[in-house]
Amino acid sequence: MEVSNNEKDKEFTKQKLLNAVGIVINKDGFEKIGVNAVAAEAQVSKILIYRYFGSLDNMIIEYLSKNDFWISFSIDLPKDDNLKGFLKNMFRGQIKQMREDKLMQRLHRWELNTQNSVIEKLRLKREAKGITLITIISQLAQHPQEEVAALATILSASITYLSLLGEYCPMYNGIDLQSEAGWEQIAKGVDLIIDVWYDKQMDKK
């Protein structure tokens, strides 16, 4: 089915606006983002923000949802025999994004200091994706869902905290949070936790 020029123009403009959201946040932070700033960065009328997204908040939520590691995570889980490798790669993916993506670091700091409708909706989206992942992993690994939820919470929260801390605190328990070697040490620790947790259930079979 051929896409009309109008539809192509709409999608092109929407993407320009979404890109502009990221640029404005990176330059000025979440606190200063506004309709006029985004429209000026995208070089389009601010009327188009309301036409295509309904509100500034909706546009920010769409942008962040596409870039948040957990919200945008593709639920394409492997068969049981490769689940350990999948989980290890998943948390390594989180480490990579949290270390490299300064905007996502800003988002998590913003979440810790602010309460508004944008953050609330993002948390609901992240929570829904997390529950879905935990439910599926629990079924595949044949571990209780409560156990999977606790483990996922500890690992994901630890990665987030250490990635934020690393900008200001170079060392934590003797691990260099500003080096590749230090983060590889952390990633191997995550791998070990997954191995011990997963193999515990396998030994019972």
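For all residues, glycine too, the Cβ spot is worked out from N, Cα and C.
For 11-71, the entry in TrEMBL reads domain 'HTH tetR-type'. Taken from TrEMBL, the feature DNA-binding region applies to 34-53.
Mean per-residue pLDDT, taken over the DNA-binding region (34-53), amounts to 93.
Long-range contacts of the DNA-binding region (34-53) within the same chain, counting only residues at least 6 positions beyond its ends with a Cβ under 8 Å from a Cβ of the stretch, are 10, 13-14, 16-17, 19-21, 23-24, 28, 59, 62. The DSSP breakdown of the DNA-binding region (34-53) into helical (H, G, I), extended (E, B) and coil residues amounts to 15 helix, 0 strand, 5 coil.
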